[in-house]
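Engineer: Sharing the features that Swiss-Prot gives for it:
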{"type": "REGION", "residues": "1-185", "note": "region 'N-terminal SAM-like domain'"}
{"type": "REGION", "residues": "128-148", "note": "region 'Disordered'"}
{"type": "REGION", "residues": "162-213", "note": "region 'Disordered'"}
{"type": "REGION", "residues": "186-241", "note": "region 'Linker'"}
{"type": "COMPBIAS", "residues": "188-206", "note": "compositional bias 'Acidic residues'"}
{"type": "REGION", "residues": "248-264", "note": "region 'Fe-S binding site A'"}
{"type": "BINDING", "residues": "Cys248, Cys259, Cys262, Cys264", "note": "[2Fe-2S] cluster binding site"}
{"type": "REGION", "residues": "311-325", "note": "region 'Fe-S binding site B'"}
{"type": "MOTIF", "residues": "311-314", "note": "motif 'Cx2C motif 1'"}
{"type": "BINDING", "residues": "Cys311, Cys314, Cys322, Cys325", "note": "[4Fe-4S] cluster binding site"}
{"type": "MOTIF", "residues": "322-325", "note": "motif 'Cx2C motif 2'"}
Amino acid sequence: MSGEKSSLLLIHPAVTTTPELVESVKKSNVFADSSKLDQFLVNKLNDSSVQLEDEKYSLVYYLTPEKESEIQFPTKLIAVLAQSLRGGGRLFGLSDVYKIDALINGFEVVNSGEQGYHWVKKGTAHTQTAPVALRPKRNTPSGGSKSLPIFAKPSFALPAFKKAEKPKPTGLPTFKKPESPRASVVAEDLDDGDELDGMNEDDSNSDELTASKSKFFDDVAGQDSADSIDEDDLVDDAEKSAITVVTCGKTKTRRRKACKDCTCGLKEAEAQEADAARAAQDRILGKPVKFDEQELTEIDFTIQGKKVGGCGSCSLGDAFRCSGCPYLGLPAFKPGQPISLDTIADDL
């Protein structure tokens, strides 16, 4: 069983349409020394429908119609094929596109030779034995009995820790009550008499300046108070309002409109003004509007010898008249016939 060489032929699904290609590959020199050949579709292996045994095959061949640079192969199957190959097993059919995956999974890439490009799994076939120097035996005592090794008893002394000293109690910080600003100023003045004299001189100068300023503004205020002018005198008579507001005699308030129960005469004055305005309107608008015969007659002179309506359809009736025709509501008439508008004079 150990001398039997098993091979695996993985077939691309597109190759099933050309069975003669599969037979020609089986008869090639690659499978010449194979005693057993297994044949599976690569998609069956990809979907785990077929499980491969570990280290069973010495040769795996992938048959695909694709070009070498366009091969599409599931990268996860490279590890599966590496596990199913024996040490020194060969894998044909893949290209340098998957070279990195081959190196990761323990393959060596072979580019030269009669068999062409293929991968070889690293294993016992390529390992070489190396001599190893053994440790010389120890001389035993004359008695020939082996003595047990003697081990010194370790000492597990616990580490000693020194008790930390307690910190000495410290009292609470004491705070000195601050002195009043006045007292500190007095103390400083007592200590430094020259500085006090300088400050007194500055204070006296500032007091004199303040007194002079107040005197100046008092003089200005006195002049303004002596020459004050009434604000009403600054308004010209022409700028005064021409509206006279009548004060109601009962409520003693200024009103533009008379009260409901006014007895001061404002209500009567307003009524008199309203009557005068109404009478003026009646005089202007009360005159009746009268039209002469020429104004009441609309004649079209576009057709000589024949008189028709102004719009050309006025004589046909309301169905044919425009919305602004003055003959709306009148019966139809003959073109050129004078029409009197006396019937609608009241509406005008």
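Here the Cβ of each residue, glycine as well, is placed from N, Cα and C on the backbone.
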Engineer: Do me a favour and check the Cα-Cα span between Cys259 ([2Fe-2S] cluster binding site) and Cys314 ([4Fe-4S] cluster binding site); whole Å is fine.
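Structural biologist: Between the alpha carbons of Cys259 ([2Fe-2S] cluster binding site) and Cys314 ([4Fe-4S] cluster binding site) there are 59 Å.
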Engineer: Can you figure out which of Cys314, Cys322, Cys325 (the binding-site residues) comes closest in space to Cys264 ([2Fe-2S] cluster binding site), comparing Cα atoms?
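Structural biologist: Out of the listed candidates, the nearest Cα belongs to Cys325.
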Engineer: Considering only the binding-site residues Cys314, Cys322, Cys325, which fall within 10 Å of Cys262 ([2Fe-2S] cluster binding site) when distances are taken between Cα atoms?
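Structural biologist: Near Cys262 ([2Fe-2S] cluster binding site), where near means Cα within 10 Å, there are no binding-site residues at all.
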Engineer: Go ahead and report the DSSP secondary structure tallies for the region 'Fe-S binding site B' (311-325): helix first, then strand, then coil.
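Structural biologist: Secondary-structure breakdown of the region 'Fe-S binding site B' (311-325): 6 helix, 0 strand, 9 coil.
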Engineer: Going by DSSP, is Cys259 ([2Fe-2S] cluster binding site) sitting in a helix, a strand, or coil?
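Structural biologist: Assignment for Cys259 ([2Fe-2S] cluster binding site) reads coil.
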Engineer: Along the region 'Fe-S binding site B' (311-325), what average pLDDT does this model show?
Structural biologist: 78
Engineer: Relative to the Cβ position of Cys262 ([2Fe-2S] cluster binding site), how many further Cβ atoms are located within 10 Å?
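Structural biologist: By my count, 19.
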Engineer: Just counting, how many other CB atoms are there within 10 A of the CB of Cys325 ([4Fe-4S] cluster binding site)?
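Structural biologist: Looking across every protein chain shown, the total is 17.
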Engineer: Using all protein chains in view, find how many other C-beta atoms are within 10 Å of the C-beta of Cys322 ([4Fe-4S] cluster binding site).
Structural biologist: 12
Engineer: Tell me, how many other CB atoms lie within 10 A of the CB of Cys259 ([2Fe-2S] cluster binding site), whichever protein chain they belong to?
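Structural biologist: Total other Cβ atoms inside 10 Å, all chains included: 15.
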